[in-house]
Amino acid sequence: MKNPYFPTALGLYFNYLVHGMGVLLMSLNMASLETLWQTNAAGVSIVISSLGIGRLSVLLFAGLLSDRFGRRPFIMLGMCCYMAFFFGILQTNNIIIAYVFGFLAGMANSFLDAGTYPSLMEAFPRSPGTANILIKAFVSSGQFLLPLIISLLVWAELWFGWSFMIAAGIMFINALFLYRCTFPPHPGRRLPVIKKTTSSTEHRCSIIDLASYTLYGYISMATFYLVSQWLAQYGQFVAGMSYTMSIKLLSIYTVGSLLCVFITAPLIRNTVRPTTLLMLYTFISFIALFTVCLHPTFYVVIIFAFVIGFTSAGGVVQIGLTLMAERFPYAKGKATGIYYSAGSIATFTIPLITAHLSQRSIADIMWFDTAIAAIGFLLALFIGLRSRKKTRHHSLKENVAPGG
């Protein structure tokens, strides 16, 4: 039987195609925005950090309210905020007003997350991990298309702002489509069911688990967000690539992330434990970053762009969220809010740190990301070991119960 929420899911996914473009719009148009705002690269980086603050300011609040009042209002609000950002950012001529519009874009991201992730888990209860990972496919598609769009605009000597207008146009059409779609019922007003008490207790999240998943939300977001913002500049100024070639690194990066999504989604659904992939991908990210820092040559950077896209931006953040949401079966919006609040702290703090590092050396930025990835691997290892320990405990408990 066809899932009645498939059209809704498709619309939700298209929002993240636009979001993928929105994340990179300012960094890929950095030179033009420096002129528009009368600032330098560090100034643009500070404006980029406003997305993280805006996201953090409302994410937990929006997640809690989406559990209570439903997902649709927050998704529509997020789309409206994003369109305001796309139009408004081009109308300002200083970084203060630009910072306000960046803050609005961060809020838009939070509203979308608070409504979309729980909606997909409720629309596809048998495969929530796959449903969430596919979000990353659309984010990566947007990040793949944007460098091509900007390269075309540069080649045709057209206004850089058309890249913002294209994103706004897609979002507007999708808003009209989603307005007519049906959303799955949310659990906010359901009465508690006594027979679910045992299951709820089994899924209760300990303080240690809560802290580890929340910290992983920060680390995983920081690892790939830093690369997505500075990969082009690293290729140009450290590896000695041309501007047009350095921009294409982001397309290579997104090809890697797309391939990872299409490989990971069936693996999680059928054979491999999510925690295994969490540990594996985080470890490979660390090795890739360490290698490119030691050997920042033309071909190494190209290979690095593909590998780091595969391992850090191919759905590992969504895997972490799905694992955490399993600990909050009746409060998925709350889990999303907590997890992505940590991630939004990363999108706020990382640009501030890298703005300082960029004034010294762009190479230092990748060394900094290498250290983050190393911590991420240790954390993923901790999560994986605790998860397997709990799985063995529950299996033993089930085997002993019939004989009790």
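Backbone N, Cα and C atoms are what each Cβ position is placed from, and that goes for glycine too.
Worth saying up front: this structure is predicted, and the values here are computed from it rather than measured.
The topological domain 'Periplasmic' annotation in Swiss-Prot covers 1-5, 65-84, 154-157, 228-246, 358-364 and rests on sequence analysis. According to Swiss-Prot, the topological domain 'Cytoplasmic' annotation covers 27-43, 106-132, 179-206, 268-273, 318-336, 386-404. According to Swiss-Prot, the feature transmembrane segment maps to 6-26, 44-64, 85-105, 133-153, 158-178, 207-227, 247-267, 274-294, 297-317, 337-357, 365-385, an assignment based on sequence analysis.
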(Q) Counting a contact as 3 or more Cβ pairs under 8 Å, with residues at least 6 apart in sequence, do the transmembrane segment (337-357) and the transmembrane segment (44-64) touch? (A) yes
Inquiry  = When you look at the transmembrane segment (44-64) alongside the transmembrane segment (85-105), do they share 3+ Cβ pairs under 8 Å, ignoring any pair fewer than 6 residues apart in sequence?
reply    = yes
Over the topological domain 'Cytoplasmic' (386-404) the mean pLDDT stands at 62
With the cut-off at Cβ under 8 Å and a gap of six or more residues from its ends, the chain residues touching the topological domain 'Periplasmic' (1-5) are 123-124, 182-184
